[in-house]
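One structure, as structure tokens, below. Some questions next.
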């Protein structure tokens, strides 16, 4: 039957269910009567039962309505109620309220003010003062008989209402009496403290109302201005006041939000049902109760006794007063507050007790006579009216015949088309996911349908927003596999499986296709790039070959014309480029300044036939240009000895800075590369050398030097870059020295592997047991950077045993069979010694031994013995191999070391450590070996000399070779420029021209004295590597004034003094200096004194700065000590020779 279905589907609408039951009873009776006409069934008993049930329902409904309208209950005192509650009640607390729409009593766990349980419910009668009858009051007790509630008379009600109003108003004159009579409360007497005398204050005259805000004059003049903001005080005066004051424009369109007028569709009734409705008496007029207003509280879990008590004896809860009841101050509220029921989110299980209540109500319903019509009930408050439309959808379907749905449909009939479309989306979603029940919020559904009426389909979140039990439905939707529990679940599952498999298969194919496509693209791009790179390489190779062939042709032409060119007008283009490999250039700090250390090349102007174009690797400021202009202008004064005769050399030299230096500031390109990519500088050079003989003098040759020479179409005075790099390496130099048959230290070159390193070092140690320190040098390094040393014999445990073995074998020790055991023992110890006791010299470039070893094995290197002596002197010889094959020695000097004994810091010229003939012979042999290998131009040879401890003979070893224009050659040019002297190759003495004699007055013959010939010998100490960080804070003009104040300068007449070369125009931290004197000790002392004075002047106690001045001074002092000892020994030797010669003469005389 549909009755049970309605009970299950709508448990919250009990009133509507009862009405439905009543209607179904009529239909059932009619249906049974109709069927009985065709058979012999006796339905009299069933008809009587139905009539009795219908009658009982009416009687019970009338009784409930009567009790609601006629009862009046009061509360006992709070103290008695609380005391009785504490003594008698120990169980759960139940709140009792009355619902007008449902017509029954609702009990909920909660407040302990109005509580009762199924076993403690009782209504004892308490007297009310004031002559009123006894009224039932809710108290707590156990097994108290219940009293039938009776209604009070209208007079009693009026009196009670009046008493309550007086009690609630403390200002009422009858308040004290009512409180004392009815409640036994004696209020205290309050004295009036106000003074009866009138106030003597002066009456204030004037306006007491503040002026209202009006529109400013600026806005009235210019309506386009933004009007002022309206404050809350102004808004309280109303819109009309704002318009009159001009705060709101008269033409403004005003809208009230919320609108005072609400549009609502008028209800339309079916004309066919009009006659039937007139025939039927209304539920309230004929005495029946509107059961549709009853709502059943299914959340209350009670026993059968509680439910039966609710049905048999429905009692309202007494009204609450004061702060215990919300909304008590609203006059439209009834004394009884209704509790609305909301459907639980989860499906509720069946409740037999609820069904029993319904059946019990059906059995007890009785028809009340029409004459016994109760008085009309109090109308329900607005809170009980439905503010929205809610209905349920079960298993994805909505009951289109339900009253709530019909009301919703009637209300939104104008937009029903969009709502139907939204219903389809909801039904599809709920059906697909097999949602058992979902409660829909009608107003939200209508709003959502209007939003998506012409737009795309709603999302899942939009559909869930219209569902009241959203959390439950959303949890169902998120359950794995829920989609496949719907009607087409198997089909959807099969579709999902097929789609997943197809996606996996297609995705795998696509990934494979994309991988192959990517691979093909990479292969294609790589192939294209490889082809292009190969073409570029071939083009570069052809270009390099063409440039090399052009270099060779121009070199041959230069060799044939050299004799003519060096005595005629010519232009020398100086490119001080360091064309080392890129890793080496990257490791050089201030690479541009390091290349610019050869500014002394400008001194080639000493030859009047030479013009100089100097390519500067760094920008040059005006102060530096002015200094070199004055320095070069002293040439005439130096030659003549007259200071006033100074010339102008600005037209004979040009300093050009390639523009590519600014384009590649951090790429560490060599100067030749910068010049190659500087077309403006190349055009200027072409214009300067047009129609004139010219050649380029580079630094360390580089391939780009050939490119520059090819562009300018002029020869290079240097060796081919490949040959220069080959024989400048440490291993290449050893080949040159071996071919020249000069003495070299015990060494092994071309070492590229660690086993070879261990084996070679072990063999060298075995052959030379007297050598303590062994040096490892990287092939392509320079200036003492790639050097590491190891004191092998100090840490060699088998050294003493090896010496005994060597002594035992004697002359046969050089044989391999004699050295075999010692060699094997030493080789086993070498790896550990190198790992722990080998140290790089320059820790800034190679901080640790593993770093040095990696570079050594990657680039190759040599193993070399350090001289087995305490006093070691290093020498440098600068050579020139002219294009016509002529060999000349440019300069010879002793090295000065500052930071390490393996790095040359400066020179003392000329050398005074080795016999000239011995040194000249070694230099010429090496030069001839270089000439045989095609070397042309300037190159430098490094030697070491020491006293052999075994033979006490002086030994000279050739240790290094550099096929480049060196810094010492540059400073020698400066020395010749300022001193005008010449080096005697045979004696290694530097002589200057004697000064011109001035005419003297005639003197008597007896007074004439012999004139002492002037000393024309000169010594010089020079360096281009002076570094002091405090020089940056001193401008050059201040620096030269400081030097002049301390007597640091150059005497043009005597050709003695100090000259500086300015290297860094901007940071000014680097400097070059040359000091010239007539003796070696004095020159060294003057150089050291200059450094000391400069350091003291530019440094403070708290700002010493970074400098190499102190190390240089210490090395010069040690050299001075050695020279003094040598001078004393030479003097003693000369005295001994003189005394022996005198003794020989005396003996001859006696004989």
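The backbone N, Cα and C atoms fix where each Cβ goes, and this holds for glycine too.
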Using TrEMBL as the reference, determine which range in 307-336, 337-366, 367-396 is annotated region 'Disordered'.
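From TrEMBL, the annotated region 'Disordered' range turns out to be 307-336.
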Of 1104-1127, 1128-1151, which span is tagged region 'Disordered' by TrEMBL?
1128-1151
Look up region 'Disordered' in TrEMBL and report which of 245-266, 267-288, 399-420 it refers to.
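My reading of TrEMBL: the region 'Disordered' range is 267-288.
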Between the candidate ranges 966-990, 991-1015, 1016-1040, 1041-1065, where does TrEMBL place the region 'Disordered' annotation?
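Range annotated as region 'Disordered' by TrEMBL: 991-1015.
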Within the domain 'IQCH-like ATP-grasp' (721-985), what mean pLDDT does the predicted structure show?
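Mean pLDDT across the domain 'IQCH-like ATP-grasp' (721-985) comes out at 93.
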